Amino acid sequence: MVVVGGVNTNYRHYALVIVLFFFLNVYLLYSAQNSVQIRKDEGETREKFQTPKVPLVDPISTCEIVDELAKSAISRATSPGCKSKLQLEACQLKNGTFSESFPQSTCSNHQDALIDQRIGCFLDKKDARVLKEFEYKFPQSNSKSTCRKNCYKAGFLYYGLEFGLECFCGNDVANATEIDSGECRNYKCPGAEDEFCGGFNAVEIFRTDKLVMLKPKYLPPAENVSKPPIKILFLLQLNGRNERQVKRFLKSIYLPNHYYYIHVDKRQNYMYSEMAKIAEKVPNIHITSTRYSTIWGGASLLQMFQQVIRDSMEIEMFKDWDYIFNFSESDFPILPIQDFERLITEHQGKSFLASHGYNTGKFIQKQGFEFVFSECDQRMFRIGKREFPENLRIDGGSDWVGIHRDLAEYSISNEELPQKLRKTFESILLPLESFYHTLAFNSKFCDDLMMSNLRLTNWLRKQGCRCASLKQIVDWCGCSPLVFREDTKIKFEMQKAISKPTYFARKFDSMVDIEAIESAEQQSMSTSKIQMDHPTYHFAYANIFKFGIDEEKIAHRSLASFALNTIKSHEKMAKIVQIDALRAHHNAQIEIVMKVETQSGANFEFLIHRKSHVNLSTSGALEVDGYVLKDVVYGTKFEWKEEICREYMGFVTEKDTLHTRLEWSPTERVKKNDKTSPEIEFQYRNGPEKIDKSIVKPYDSVFGGQFDSWDVGKRLSNLSTCPDFFVDVFSPSSSESPLATLRFSVYTEQNVDCHVAYLRDFFEIVDFCTSETACGEKIWSMSYPDPKSDIQVGWDEEARILR
């Protein structure tokens, strides 16, 4: 060992290295801090409307999950990221760190001095309630604080305590009979032992702190509006593949002085590609590339809406809008767009929100506000119950809104209330139905509301509240409106629309009933702009397949080859270019239009007709328990609400669920409030061999429908042969002969050799064309003009319409 000056040289080397590392760390820290500061300075101008950063989910559990809702949700999540997100949020909920505390309301309808102000003790009976609007029961937690909080959030003026556990809410005590105060001191509050919660048939009533219920009066527009014109941002939230109906809607609402902003669901690439073509032709139409999967009930819908607000303010040509109104692909105007424009101008500064139309307390329950939902794996999972803060007023109604610029800017700002509400509404079902209502009612904007969104919705809850279609995407049951048909379009007749007034209506679907759209169009547009005598005026189209966007299915390829062989063409198919469904009239059968490119580069277009293989009993025995069987249809992608199959080509594969629909007509022997169909037995067979059966109970349908669903893949295996499958429909009381029999085929990649025989039985090539010129003369062709929806040039100033 060498020692110099009493110091080991090895230690001197170590010390030198340590010193060098120290200065290196100091330099790196300085550089990082400087970089952060530079980025901060660059971002200051965008800070106000910047999209909030999404925090990373901690994958580590912080607690033991005991809530059954949370345990169920985590077990059903498919991705690790979703399971981790649900686990963390369930722990936050359990630990009390999930909810926010909110600032005091700045609405003029709120006064602190009224909080818990005692009104008195009143006689109360089950059949003669003082506070009639809503009732809660809190066996463990009832108290003044608990009751007030729940009545406050529903917007009521008064809350009342009774029988220990009962909490009542209402807005009127004018006709109440006051009794001795001692009658209201018979039961201790289970949630506060030093308080009393009323007596037997005795309710003690207090104020929440609301002054009056705000009900802005609707003012009809004057004929001449002296106020400066407004600019509206029309937000089109699009889904599906019926782009021709969207174009028709756009033509009906387009004015060059407004803005049109298009968001297409992230999963709908065909619609996106078609809308992008329009945006290229018309300068004040913009399609955003920032796309969300807007599932039913999901938080993503509100996030998308607010992202559009942020982004539109940064687009130079679009940034000066005054209002944002959102619409879907199934909306249509029922009064002239100029009248709508005039009314909005008359009420500048007001936002247009539709109320739920009934008791707020019931609305809160039906909307699932009391539960926490979490969106991941394209599903809304329910993970537990929530506690809302005492001072938050909740309200809601429709998610089709008209928001003034001031409220829109406030909603995306970093002020405390909107910032905390955005966070809270990430875990609320259908957030756009209540976010802006709640934000306005708890802020200075509560006086700037018109409680109407100027829309008419075709509600029929008996039919629209079918939960079957929602089971795959949400842990809840919700309602959707129905499509307008011949018997319901009277709802939007001119005088009814004016009296509300309502300027738009929904839902419309050209593949269900195009005549309803025609009625709305003729009512809202000048007839000089509508070519009612055009051959395709009654035609409805919906795209099924587009090359470069969709994956080709084996059954589609088989049909294309079959079509070429049927016309005795020697050409070989190279690719399917496009497939559309065509309905020539609202009562017509849906046909298939297929465009095929051959290996030589030639294009063929085919009109293809589907053959039905349904046999109804010829013995006349079609009546069961007073119901007469009228028709039997089958298909896949069944829509329970409208009772139609959205797989228009009629193919059934081993991956599908087969849906068989019976249509019944009641005789005079059926009582008025009975179901619309009898009990029926379905039997499934492979040739003569019975393979399954099911009993279907009586059903209640406004269309007289009754259904059975049969999972093909789970019931059948080894589908490499060419069997014929049958569904027999029997009356349970008579199984000797079926009421009806339908035949269907199952197309797989393993039984391709069977496809030609199947196609020969189930399809007919009705017509075809082989050139652009020839196809342009076929009214069924994709190339034939369709002026009601074509947008090929842009704005025609002279005709004042998109062409």
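Glycine is treated like the rest: Cβ placed from N, Cα and C.
The model shown is predicted, which means the values in this text are computed figures rather than measured ones.
Disulfide connectivity taken from Swiss-Prot links Cys477 to one of Cys465, Cys467, namely Cys467. Looking up Cys446 in Swiss-Prot gives a disulphide bond whose other cysteine, out of Cys82, Cys91, Cys107, is Cys107.
When the candidates Ser374, Ser480, Ser528 are compared with the UDP-alpha-D-xylose site entry in Swiss-Prot, which names Asp265, Thr294, Ile295, Trp296, Asp399, Trp400, Arg506, Lys507, the shared residue is Ser480.
The two recorded residues, Cys467 (disulfide bond) and Cys775 (disulfide bond), have Cα atoms 44 Å apart. Checking each of the binding-site residues (Asp265, Ile295, Asp399, Ser480) against Cys465 (disulfide bond), the C-alpha distance stays within 10 Å for Ser480. Classification of Asn326 (N-linked glycosylation site) by DSSP places it within a strand. Relative to Asp399 (UDP-alpha-D-xylose binding site), the recorded positions with Cα atoms inside 10 Å are Asn326, the candidates having been Asn175, Asn326, Cys477.
Here the disulfide-bonded residues are Cys446, Cys477, Cys479, and the one ringed by the most other CB atoms within 10 angstroms is Cys446. Summarising model confidence by region, the domain 'WSC' (115-209) averages a pLDDT of 94. Other C-beta atoms found within 10 angstroms of the C-beta of Asn175 (N-linked glycosylation site) number 8, with every protein chain shown included. The Cβ of Asn615 (N-linked glycosylation site) has 14 neighbouring Cβ atoms from other residues within 10 Å, across all protein chains displayed. The Cβ of Lys507 (UDP-alpha-D-xylose binding site) has 21 neighbouring Cβ atoms from other residues within 10 Å, across all protein chains displayed.
Across the domain 'WSC' (115-209), the DSSP tally of helix, strand and coil residues reads 14 helix, 39 strand, 42 coil.
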